[in-house]
Amino acid sequence: MRNLKLLKCLSSVELQSPGSPQCFSVRTDTGSLLISSQFSITEYDPPTGQVLNEVSLTSEDYLPEDGQGVVVGIQDLPDQESVCVATSRGDVVLYNLSTNQLECVGTVDSGLTAMSWSPDQEVVVFCTGQETIILMTKDFEPITEVDIHQNEFGEGKFITVGWGKKETQFHGSEGKQAAQKKAAEVQPAVPWDDRRPRITWRGDGQLFAVSAICPQTGARKVRVWNRECVLQATSEAVNGLEQPLCWKPSGSLIASSQRHPNKHSVVFMEKNGLLHGDFTLPFAKEKVKELLWNSDSSVLAVWLEDMNPGEDGKRNTYIQLWTVGNYHWYLKQSLHFGNDPLKAPACLCWDPEKPLRLHLLTRAWASYTYDWGWCTDRSPGDDSQDNANVAVIDGDKVLVTTFRQCVVPPPMCSYELQLPAAVNMVTFHSQPQRTNELAALTADSRLHIYGRVDQEGVLAMRLLLWLKEDVFVAVAGGDGLNQSSLLFLKPAETEGSDNRLEIRSKVEVEGHVISLCHSPKSDTLALQLEDGQIRRVHCGKGMLSSWKDSTGYTVNFPLPCVHTALCTINGQVEVNIFALILYIFSFIYVASNVSSFVVYDEFLLLTTHAHTCRCLHLATMSLKGETIDGINGETSTQNDESTRRVERGSRIVTVVPQDTRLILQMPRGNLETIHHRALVLAQLRKWLDDLKFRDAFECMRKLRINLNLIYDHNPKVFLENVETFLNQIDSINNVNLFLTELKEDDTTKTMYPNPASAACQSASASGADGKKKVDTICDALRSAMETLDPLKFCLCILTSHVRKTTPELEIALQKVHELRGEESEKNAVSAEEALKYLLFLVNVNELYEHSLGTYDFDLVLMVAEKSQKDPKEYLPFLNMLKTLEPNYQRYTIDKHLKRYKKALHHLSKCGEEHFTEVLNLVKDQRLYTEALQLYPAESQQYKMLSVAYAEHLVEQQQAEQAGLLLWRCGEMPRALQAFVSCTSWRHALAVAVHIPLPPEQLAQLARDLDCEEAISALIEGAAWEEALRLIYLYSRQDIAETHLKPALLEAHSNQLTFLESQKTLFTRHKNRLVVVREQKEKARLELLAALNYAELYSEASSVLTGSRIGSKYSQSNSRISARSSKNRRKAEGKKHSLKEGSPFEDIALLHALVQIIHVVDKMRGEINSCTEIHTHIYSGVVTIRKF
């Protein structure tokens, strides 16, 4: 959806030469024009307007002096620094540009009618007066000569497989009559055909086509030849085929024109000669003189001339520029040259280096060089009133698409504007609230809808901008060759002006203006010159000034830029972002892979050649000469909202203001609407800041944005406006959806990090009161819903209970049960419906269990009926429960639900007859602490529970705590036994006195406890022999079983493990030492070989080398001796480094092996002692492993 915009027009009428131009070529190395006339060859430079060289063709009789000579072709040959010229007489002349000498390299007696060089300039094709084709090399050595008119079709002749006859074949919509239809008689060529052959090459230089008049039929035929001049195909008979012929450089189509009885078309042929598509020219009374593709095949130039002269006997001439998109041909530019024969084009061609540069010469030697550029004409508004208009020029129509209402793929549109003449420029109003208005400049210099501009010439104005309601700005050619004029146009104030526009002010600009850009926000206007200079336009003063940045430096760019825009970066002046946009397209240090861009609000959106669409936040960008992060490298994080992959070759068309839609056009012309994540999130943040929860919610639902962002964006604001949120959403389903998507994660830190994070409050994992996020939201919403309308939001309230971190299912079930008494009220949700909804949120079996935990059998039955359970499963159980005493009933339910603490609580109320069950439950579930709290300390139940608890503690190796518990409940003997088992002699003696024990037993107890403590200490210190001696001395063989044997086994296992690890380490170091020594030996031998080789040098050299080495060694020694003790320790540590490849690795390995041997040797005594005691304890059965 792009238009062609005229960036620059170089015109010169100062070139004067005899005769008139016949053909010309562009010199690729200098850009100058090589023009041939019936008298001479002229080299002309359009930028300077100077004639660089000129040589006569009549002085050496290459052309007649009477001016009747014809040059049929001219071609620049940069490799030979020459120009090749072919004349109708048959001479092929080389003009050397360095020496200005002419040389005839060959002559054809029958004359020449056409010449064409291959794209690689390796071969050249001539058509002769005898209607033959001559193929030569670049050195003009003949390769072959063949007749143009061949009876054969060519090597690509179609093969008939013989399937049926023509009468029996399917003929489509034409029906059976097509089988009997006779072939149309071939009509001869049109009368105005110049009957000269045309030659055109395919872009790769492998094929060329020749269009010539067939002598039998008088009609034109196109034949395709290969590089060796072998005929490949002949075109089908095409009535009305005209003389133009041009092969598309990047495709397989050959363009020509065809005259029909009721229309005039440009037709396309394939290389096999068959027609393949066409488009109709807008006028039917013109003849097509030539067709020319530009170098990248994006624009087709059509040169037309009126077929019938006007009343004054003169014909109008036109140049039209056509482009194709989505299989539709658009007329983008129409150049009307009037009916003056001297102003009519004599020849034109595209620049071979710059695809959108067109060169044109008139018959009066006036030179025009047009530089075009691609642009997307979009409305500049950023408010909700702007319809996101995009205008596409198509001849005398402007196709306008309003992307706010609909996305219509081209060539369709929202509406068309029909104008009386072909449109060349379109601009939209730049003032806010009026950006949907547009103005169009037609080829007859009329500005629609506001009147006429009186200026002469072809494309007198360019770069049109609509600044205000009655102010237009345009650029026109200046008085000088390298000057431009900035025109400010306003309606005429004189009466009877018929809504004419007049030039109110005019500013002369030194240089060619190639772009204008305007910022509606700051009302700033800037222009760019072709050399990259930027000028600020002071509209009120009618003057220009250099554009300077915030530091006062003048902004100039190394290369000119076609696409420009104005806005701000990080609050700085607009020049910075202006520089950025230009640099994006032309300054590789910032970005070098951008294909299109648009500035919208606070974003810079761009597409790259890496097939990504970037959305950069202007408020967080900075320009300090470095590349913008990620544009060139295309690196992005997982949750980077600024990057999105797009289809290859996508370009930005427009952005819908105050929306999230970005319109892209694909290479084939179709449109795609995407919602760039950065635009979506920015719009959502605006809506949330403005408390527009409904708009944000609907957008998030449609585009699958996590709904947690509604809270996470600003938790405090959300909690303060919960009622506003509910009133705006006003949908039970939407509130439930919001609640079910809640998660504890903060989406502003994980999924959607805000690039301007300082501007908004970040959510936290928990609320201000320490509650978790989900619980905070559920409680806040439930409180608001219960205040607004609890019956309306009944289901939402249930959801808020279920979605809490610890689901409150019992409360939710209770609310469902309460609904039974409110079903008669209006708008009340029935209990049946509420229960059904709960079953949707919670597993039915889980809900059944929780309903059973409410002890409400009506609620249990209501849930059970909705489940898939068989009544035979739950009815007997429920009936049995109903027969039980209430406390025992609840105990049974809680035990069934494995809520043992509650079960214990209810069972304790059932009386002493159930205490046995209490004791069993406490023992099974280890609820000793909870059980002791349920009984008085003086009760028998408390004593029994304490004894059971003590037994449990003894099993858990906590005998001292068990003894204290038994002592408290009065079980003195058992308490003494517990204290003795854990050798707690103080408590044991205290209990023994309290029992009391006889003095003899008390003394024996004291001796036993002291002995046990000593033996335990010796075992802990690995003094095995002494510990064993005390065991036998005091006859405490029980300690040998409880303490000594386990300690011996543990020590034995630890020793074996340590020895195995040392053995493995020893083996690894030993193997590595072998490898290191082999490497050092190899290095030593190589050094000896090198020293032997060094002996071949002179003795003086050896002495010199030795003295140097000695000197260096002595200096090294002096340095070493001067080292500090710290450095010596560091150097010594490096010698013991086991790092592979270190210079002292072998020394470190030897040191490590020695250390292992010393460590193992020191363990001999400990191992022998452990082995001896082990042998004694286990009667000689012991495993001794050799190390």
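Note: Cβ is positioned from N, Cα and C throughout, glycine not excepted.
Remember, predicted model here, so these are calculated numbers, not experimental data.
Going by TrEMBL, these are the annotated features:
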COMPBIAS  1115-1124  compositional bias 'Low complexity'
DOMAIN    1-353  domain 'ELP1 first N-terminal beta-propeller'
DOMAIN    392-450  domain 'ELP1 N-terminal second beta-propeller'
DOMAIN    460-653  domain 'ELP1 N-terminal second beta-propeller'
DOMAIN    677-881  domain 'ELP1 alpha-solenoid'
DOMAIN    888-1036  domain 'ELP1 TPR'
DOMAIN    1038-1170  domain 'ELP1 three-helical bundle'
REGION    1115-1138  region 'Disordered'
DSSP-assigned states of the domain 'ELP1 N-terminal second beta-propeller' (392-450) in counts, ordered helix, strand, coil: 0 helix, 28 strand, 31 coil
Highest-contact recorded stretch vs the domain 'ELP1 N-terminal second beta-propeller' (392-450), from 1-353, 677-881, 888-1036, CB pairs under 8 Å: 1-353
Residue counts (helix, strand, coil, in that order) that DSSP gives for the domain 'ELP1 TPR' (888-1036): 114 helix, 0 strand, 35 coil
Model confidence over the domain 'ELP1 N-terminal second beta-propeller' (460-653) (mean pLDDT, whole number): 73
